[in-house]
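Chemist: Reproduced below are the annotations present in TrEMBL:
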TRANSMEM  59-89  transmembrane segment
TRANSMEM  101-120  transmembrane segment
TRANSMEM  154-172  transmembrane segment
TRANSMEM  179-201  transmembrane segment
TRANSMEM  228-245  transmembrane segment
TRANSMEM  266-286  transmembrane segment
TRANSMEM  317-343  transmembrane segment
TRANSMEM  369-388  transmembrane segment
TRANSMEM  394-414  transmembrane segment
TRANSMEM  435-456  transmembrane segment
TRANSMEM  462-484  transmembrane segment
Amino acid sequence: MASFDSKFSALGVGGETGAAPAQNQDELQLQLHRSWSIVESFAASFCALNFIGGVRSSYLITIVFMTITAAVLAEICSALPLSGSIYIWAAESAGPKYARFFGFTVAWWSCTAWMTFVAGNCQTTANYIVSQLAVWDVNFPGGVGNDNIKWRSLIWVISEGLLLLAVAINYLPPRLYSLVFRGSIFIMMLDFFLCVIWLPIGVSKTYGFRSAHDVFLQTANETGAPPGWNWVLSFLFTAGTMTGFDASGHIAEETKNARIIAGKGILSSAIATGVLGFITAILFLFCTPSLDVFFATNAPQPFVQLYAVALGKKASIFMTIIAVIGLILNTSIAIVAASRLIFAVARDGVLPMSQWIGQVDAQGQPKHAVTVIYVFAATLLCSILPSQVAFTSLVSAGGVPTIAAYGLIALLRLTMTPNSFKTSYFYLGKFRKPFYLVTILFNALVVSVMLSPFYFPVNAENFNFACVIFGSITIFAFFCWYFTPPEKWLRPEQVLQALQSADGDQSENYDHRD
């Protein structure tokens, strides 16, 4: 079975890989298709970020810091455009001596984060659907609320059905699936323009706009935390909205001219999400009713009731349908990124059943990895049945590993390999060290927020289990690293070989597979 060497081969290390006849059947079973372009690369990250869906949770200005983070990742992505890229970036950033340890750590962090995101997105989509019950005042047996097992069961059934649909879309051939990328961008922009044009018209004819004073100066402390930390907790949602632009890197091996296109996908999606997200945040702040009224809504997704009040009940159905379609496509694209990550880790022989998971079909798609994503997400959704708090804790922990990985890569670049990857198309030059430092500090702040208590005083019901889950994943990664022999995965000489390739004269070989 092919190992990490196959990835170096894709970068031109050890000769060209364009001679398909020289490959044996096992190698062909590990070869991803390569038919996607800048649109699909941009869509992979842009739709995973999902600015219009994320902003409906919360948004403040994190554009500058997350764009700098995206620039740091684009730099190393251009030098190492590989599936499962983020853990490879961490390994290579650490240098030969510590590559295996950090590679294992980020591999398990990222796998957990992306698979958890898929389950969480399905439940979010279900909340949009069931919120129509509140809009139309439908009496639900036992009442609407997470303390009702029948209500939790309804959420679970719908979430599982949505997961099946999102997974089924992933079995489309690559050329047809490119329509999913384009369709997702179209739906997101349609949602955006409807909110920008239709929602303000509706608000002006009903309850009216909030004042500039309320929009820019009013605050609300619903956490019980001191005012300063209550403001810092806003990063829990704002940074989460701009997390996931590494998705372009995960499909790099399926992207033409990946050395340039994948990095562009990372950087452009972060900028587009930041700009459009800022516009949408300001819009929603002016169009949202008073905070007392907004927080008093009994729908799981308050924006559904907002649309009903501002636009009418029938119009809220249309807006809900747009949001649901967008989220389903968004979930499907998240599965694309997650499955490529799982495939890459399995291809390197790190996972149980790696030989089976790390195979691709005749069309160059890792469908076994998609199946693994489905089983994991479906199992995770089952935690809704005994306790909504348990599921929320699991999902809330999903963003921590990704943000931590962003910061860790920057830390390793600053301390271990500050002068490497000069062949990158997005090489940061004299700006690299300041960018690394900013990325480290900002992402460390966000991780601390995500691991902190969300409500005060802390008790058994509101305890944030993210710290426990993140710690457990890290400990598990440590034992995997400790008990996996170096000759099985990521030998030091392999890391050194890739570093030399990224810094040497072989950069022209990056695009041989195109």
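Heads up, the Cβ atoms here are built off N, Cα and C, so glycines get one too.
Unlike curated entries, TrEMBL annotations are predicted automatically.
Neighbours and distances for these, please.
Modeler: Long-range Cβ contacts of the transmembrane segment (59-89) within its own chain (Cβ-Cβ under 8 Å, at least 6 residues beyond either end) map to 7, 10-11, 32, 103-104, 106-107, 109-110, 234-235, 237-239, 241-243, 245-246, 248-255, 258-260, 262-264, 266-267, 269-271, 274-275, 277-278, 280-281, 284, 340-345, 347-348, 405-406, 409-410, 413, 421, 423-428, 432, 435-436, 438-439, 442-443, 498, 502, 510.
Counting only same-chain residues 6+ beyond the ends of the transmembrane segment (369-388), those with a CB under 8 A from a CB of the stretch are 115-116, 118-119, 122-123, 146, 149, 152-153, 155-156, 159-160, 163-164, 167, 170-171, 335, 338-340, 342-343, 346, 357-358, 394.
When Cβ-Cβ distances below 8 Å are used as the criterion, the transmembrane segment (394-414) is approached by residues 69, 72-73, 76, 86-87, 89-90, 93-95, 102, 105-106, 108-110, 112-114, 116-117, 119-120, 123, 239-240, 243-244, 246, 380, 383, 420, 432-433, 435-437, 439-440, 442-444, 446-447, 450-451, 454, 464-466, 469-470, 473 of the same chain, each at least six residues removed from its ends.
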Chemist: Assess whether the transmembrane segment (462-484) lies in contact with the transmembrane segment (101-120), where contact requires at least three Cβ pairs under 8 Å among residues 6 or more apart in sequence.
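Modeler: These two stretches do touch.
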